[in-house]
Structure formats: structure tokens, C-alpha cells
Amino acid sequence: MATPQFPSRPFTGLGRASTVGQQQQQQQQAAPPHANVYQPPSYGGPSNTYGAGAGAGAGQRDAMARQERERIDRERREAEERAGALDALSEEQREEINEAFSLFDLDKDNHIDYHELKVALKALGFDLPKSDILSLLQTHGIPASATSTHPATSASATTKPTFSGPARLVLPHASFVSIAASRILARDPRDEILRAFELFDAEGKGNINLQDLRRVARELGEGLQEEELVAMIEEFDLDGDGAISRDEFVGICLG
């Protein structure tokens, strides 16, 4: 007896796979572009906070470098001017400048502040107004924090003070010598002579008598005899009044 033949059945597994594949292809075609591509979350645009800080730091470094170059140029010019001025001064004038600085450098830090500068110059015969003293400090001075006796803190070591008033600037010894020397050389010789005359004529009477010579000789520690002092008066007392007048003293000094 012959075995009946069943009608062939389609391979459902392959059919299911084909159907699923078609559905996936249709879904991919229907999806928007890049729908299946991983998109990282957005955290916003980069902040410019660090960029601004870097820009400010660069500007500060440029300003400090410029100030350093200006300081070096200023010190070079002052050294050249000081060398020329000192060569033109007498030994006595150089000693006078150094003595004035040492006398009024009250804290002995080799720098003088506004008040010390004012009285030191006045001792040399230059009674300058406040505006001129400030101008000298702003031109030739340095921040007080830059001196050895005023060590800079971590904050001030990288930032120079913007306030340039008398309390923040000091003048080094070398700069003082340069300033004083140039002013002494520019001074009228007659003014220098009259200053010397006033040292003898302490009472402002207009002449130098024997008593004045005794006092000055005693203050200077000169062991001059009375006869020598009298001889000095007689030699330079041209009008015979027993004293040396201002004009006679100037004539003696100018030769």
C-alpha cells in the first residue's frame, strides 16, 4: 500500500526570520537619521572663566616685565649721570652729600622715605616743596616692600603697589647721591658761598666778627690761637670796621 504524500509545508523558521528582518529594515527606514547613533549628553559650551583668568595673568606679567625694563633703564641712566656728577664734585661736596644721607637715614636701611628725603635735601640747602619731593620719589624711588628691610609677602612679591604716595616709595642711597650732586652742580656758586657765610654769621647780623671765628673754630675742633683769629679778621676786613662783611666774604671766596 502506497504511503500518502503530505503536501510540503513551507519552512516556517526561515519565513519568520525573513519577516522579522523585513520589519527591522522597515523600522530603520522609518527612523530619523542618526536615531541609532549614540549621542553623548550635552553639558553646555566651554566656560571662558579660565580663559579670562589666563588673559589677566598674561597682562599682569607683561606689566611687571615692562616695569622691570624701565627700572633697569632708569638705574643705568642714573649710574651714568652719577658717575659724571661725582667726577665734577669736590671731595668735600661728596662727603657733605654722604653725611646728609647718613644723618637722616634714621632706620639705617640705606633708603630714605619722603620725610627723610625732605630734611636731607634741606640740610644741603635745597628746601623743596612737597610736589617736588613727590616727583623725585615717583621718578627715582622704589616700592618700600622691595627693600631688604621690607620683605615682600607672597601676595606682594608678584604685584607692585599701584599707590605711589610718600608712604610706599623710598629712595636708595645711589639715587640720592645722583640727585644731590646734580643740584649742587647746577647751583650758583654765590649761593654756596652765602650758605657758608651763614654758618659763621649765626645771628644774621650781616658780618663775621672775632666772636664768630672763635665759635666756629671751637665747634670744628681747630686749635687756633687768639692772635691767629685776629690776623684773619685784619687780613680780610677791607673797610677796617673790625668785621668781615657779606660782600667781603664773597670776594674772598671767589678770589
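Using the three backbone atoms N, Cα and C, a Cβ is placed for every residue, glycine included.
According to TrEMBL, the features are:
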COMPBIAS  63-84  compositional bias 'Basic and acidic residues'
DOMAIN    92-127  domain 'EF-hand'
DOMAIN    188-223  domain 'EF-hand'
DOMAIN    224-255  domain 'EF-hand'
REGION    1-85  region 'Disordered'
Beyond the flanks of the domain 'EF-hand' (188-223) by 6 or more, those residues with Cβ under 8 Å of it: 125, 229-230, 232-233, 241-246, 249-250, 253-254
Reported mean pLDDT - the domain 'EF-hand' (188-223): 90
Secondary structure composition of the domain 'EF-hand' (188-223) [DSSP: H/G/I, E/B, coil]: 22 helix, 2 strand, 12 coil
